[in-house]
Amino acid sequence: MNWENESSPKEFILLGFSDRAWLQMPLFVVLLISYTITIFGNVSIMMVCILDPKLHTPMYFFLTNLSILDLCYTTTTVPHMLVNIGCNKKTISYAGCVAHLIIFLALGATECLLLAVMSFDRYVAVCRPLHYVVIMNYWFCLRMAAFSWLIGFGNSVLQSSLTLNMPRCGHQEVDHFFCEVPALLKLSCADTKPIEAELFFFSVLILLIPVTLILISYGFIAQAVLKIRSAEGRQKAFGTCGSHMIVVSLFYGTAIYMYLQPPSSTSKDWGKMVSLFYGIITSMLNSLIYSLRNKDMKEAFKRLMPRIFFCKK
């Protein structure tokens, strides 16, 4: 597959908010804090889910996948952004830009599918509790996770090849923090409408189908929870599912804004802020939401922290 055409520059210039110098330091601080929290939070979740036998369940298997994904998601872009801001170095090589684009798209699409799988897990747990162990068996969970990752990377290859093969006529100034589809399409010197239509189709498949399945799942969950007579049971069900719904709303809301409208209609600065939110801030919030709002996770932290830091059995 040819990732480079005759009009491809050797490097790109990432403009970011370079026209607003006063934003550079606050942005650097926000990115550094967010990235630190994301690393600490997601690594902690992964360790607890792996080390605590009580969390060896489908729900926490998928949560471990989500933590790995969020860790990779932010690491793909944030370190380079911090270097660009801190060293006032705005360039990225063509190969680096291609890597950014492929990995960022792949992880984003994988998260879309993984969140849908997690909502199905909650649906089975709440609405089909007697069949939960049979339906959500080890091999089914493994296949669903593998399916999410494979489809995510397959979608990335398709969208990246369509975007990168557009003629750019030497244009190399990317008005963004990193290489993303809407920003790269604006560099093209040809009519992008046919490509935008194809990208829109893939985005509908990856975004709207999973979010529709999630809404259907939570419709059934809400009906089942309202039938629970125990107030404690309702609270536990809403608590577990509420964390997932917050994550879904934050991620899908911002991703749909960016990818289900033509790049030309996206406000330049607003598009950058939305990308920062769903690409970086959401990953940080995921770890906080799942660790602080989840009773099982908090109890597991309390059990494991003494063993980790004081080597007590």
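Cβ coordinates are placed from backbone N, Cα and C, and glycine is handled just like the others.
For the recorded site, Cys97 (disulfide bond), the DSSP three-state label reads helix. Under 8 Å, Cβ to Cβ, and six or more positions away along its own chain, Cys97 (disulfide bond) finds Glu11, Phe12, Val174, Cys179, Leu184. What Swiss-Prot lists as disulfide bond is Cys97-Cys189.
Summarising the annotation, Swiss-Prot assigns N-linked glycosylation site to Asn5 and lists sequence analysis as the type of evidence.
Annotation source Swiss-Prot lists topological domain 'Extracellular' at 1-25 (among others), citing sequence analysis.
Taking the topological domain 'Cytoplasmic' (50-57) as a whole, pLDDT averages 87 in the prediction. Residues or ranges marked as topological domain 'Cytoplasmic' in Swiss-Prot (evidence: sequence analysis): 50-57 (among others).
The topological domain 'Extracellular' feature in Swiss-Prot is assigned to 80-100 (among others); the stated evidence is sequence analysis.
Residues 58-59, 62, 217-218, 220-221, 224-225, 237, 240-241, 244 of the same chain lie 6+ residues outside the topological domain 'Cytoplasmic' (121-139) yet bring a C-beta within less than 8 angstroms of a C-beta in it. Per Swiss-Prot, topological domain 'Cytoplasmic' is recorded for 121-139 (among others), and the stated evidence type is sequence analysis.
Residues or ranges marked as topological domain 'Extracellular' by Swiss-Prot: 159-195 (among others).
Taken from Swiss-Prot, the feature topological domain 'Cytoplasmic' applies to 220-236 (among others).
Annotation source Swiss-Prot lists topological domain 'Extracellular' at 260-272 (among others).
What Swiss-Prot records for 293-313 (among others) is topological domain 'Cytoplasmic'.
According to Swiss-Prot, the feature transmembrane segment maps to 26-49 (among others), an assignment based on sequence analysis. Sequence-distant neighbours of the transmembrane segment (26-49) (same chain, 6+ residues past either end, Cβ-Cβ under 8 Å): 16-17, 55-56, 60-61, 63-64, 67-68, 70-71, 74, 78-79, 81-82, 85-86, 280-281, 283-284, 286-288, 290-291, 297, 300-301, 304, 308.
Residues 31, 34-35, 38-39, 42-43, 45-46, 49-50, 99-100, 103-104, 107-108, 110-111, 114-115, 117-118, 121-122, 125, 136, 141, 144-145, 148, 177-178, 240, 279-280, 283-284, 286-287, 290 of the same chain lie 6 or more positions beyond the ends of the transmembrane segment (58-79) yet place their CB under 8 Å from a CB of it. Taken from Swiss-Prot, the feature transmembrane segment applies to 58-79 (among others), supported by sequence analysis.
Same-chain residues lying 6+ beyond the ends of the transmembrane segment (101-120) with a Cβ under 8 Å from its Cβ atoms: 59, 62-63, 65-66, 69-70, 72-73, 76-77, 144-145, 147-149, 151-153, 155-157, 159-160, 163-164, 178-181, 184, 206-207, 210-211, 213-214, 217-218, 244, 247-248, 251-252, 255, 278-279. Here Swiss-Prot flags 101-120 (among others) as transmembrane segment, drawing on sequence analysis.
The transmembrane segment annotation in Swiss-Prot covers 140-158 (among others) and is backed by sequence analysis. Beyond the transmembrane segment (140-158), the same-chain residues lying 6 or more positions past its ends with a Cβ under 8 Å from any Cβ of the stretch are 1, 58, 61-62, 65, 101-103, 105-114, 117, 120, 202, 205-206.
Summarising the annotation, Swiss-Prot assigns transmembrane segment to 196-219 (among others) and lists sequence analysis as the type of evidence.
The annotation transmembrane segment is assigned in Swiss-Prot to 237-259 (among others) on the grounds of sequence analysis. Note on the transmembrane segment (237-259): residues 59, 108, 111-112, 115, 118-119, 122, 125-126, 180-182, 199-200, 203, 207-208, 211, 214, 218, 221, 224-225, 228, 266, 271, 274-275, 277-278, 282, 285-286, 289-290, 293-295 of its chain, located 6 or more positions outside it, place their CB under 8 angstroms from a CB of the stretch.
Within 10 Å of the C-beta atom of Cys189 (disulfide bond) sit 12 other C-beta atoms, taking all shown protein chains into account. Remote same-chain partners of the topological domain 'Extracellular' (80-100), defined as residues 6 or more beyond its termini with a Cβ less than 8 Å from a stretch Cβ, comprise 3-4, 8-16, 18, 24, 27-28, 31-32, 35, 160, 164, 174, 177-179, 184. Sequence-remote contacts of a segment are chain residues at least 6 beyond its ends whose Cβ falls under 8 Å from one of its Cβ atoms, and for the topological domain 'Cytoplasmic' (50-57) they are 64, 296-297, 300, 303-304, 307.
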